[in-house]
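J.: According to TrEMBL, the record shows the following:
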type	residues	note
DOMAIN	1-114	domain 'MARVEL'
TRANSMEM	20-41	transmembrane segment
TRANSMEM	61-79	transmembrane segment
TRANSMEM	85-107	transmembrane segment
Amino acid sequence: QISLLIGFISVNNSPWTDYSAYSFFQIVTMCDLVMILFFYVMHIFRVYRKLTCVSWPLAEFLHYLIGTILLLIGSIVAAAKSYNITGLVAGATFGFLATILCVISMWSSYKVSCITQSTSKYR
């Protein structure tokens, strides 16, 4: 989440040359930040216990999957259109770092929720 925020701030404070590429990058980073915050709030207040009709592990997995794909696309476009402007290169770099961290988080979320449940059935 911090790498997304740093990437957003780096791109926001740099002079832009291609508005569509960086607008997409900013929108993707802000949407990811809002959704991560949403899942944190759901976890902190334990709302998932009251809303049992939603498969929360699946919702979190889909959030990370879609967010990671969009973040990867946004980072590639931002890196291609950076024209060696340091703030834009830094934003794209932190976008790639956030993509890697989202993949790790997605794997750990899947591993904890799905693999742990499947092994506990057979005990």
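The backbone N, Cα and C atoms fix where each Cβ goes, glycine too.
Model, not experiment: these values are computed from the prediction.
Any idea what these are sitting next to in the structure?
T.: Packing against the transmembrane segment (20-41) from elsewhere in the chain are residues 1, 4-5, 7-8, 11-12, 47, 60, 63, 67, 70-71, 73-75, 77-78, 80-81, 88, 91-92, 95, 98, 102: each is 6 or more residues past its ends and has a CB under 8 Å from a CB in it.
With a cut-off of 8 Å between Cβ atoms, the residues of this chain six or more beyond the transmembrane segment (61-79) that come close are 4, 11, 21-22, 24-25, 28-29, 31-32, 35, 39, 88-89, 91-93, 95-96, 98-99, 102-103, 105-106, 109-110, 113.
Panel annotation: around the transmembrane segment (85-107), residues 3-4, 6-8, 10-11, 13-17, 22, 25, 29, 32, 61, 64-65, 67-68, 71-72, 74-75, 78-79 of the same chain, lying at least six beyond its termini, place a Cβ under 8 Å from a Cβ of the stretch.
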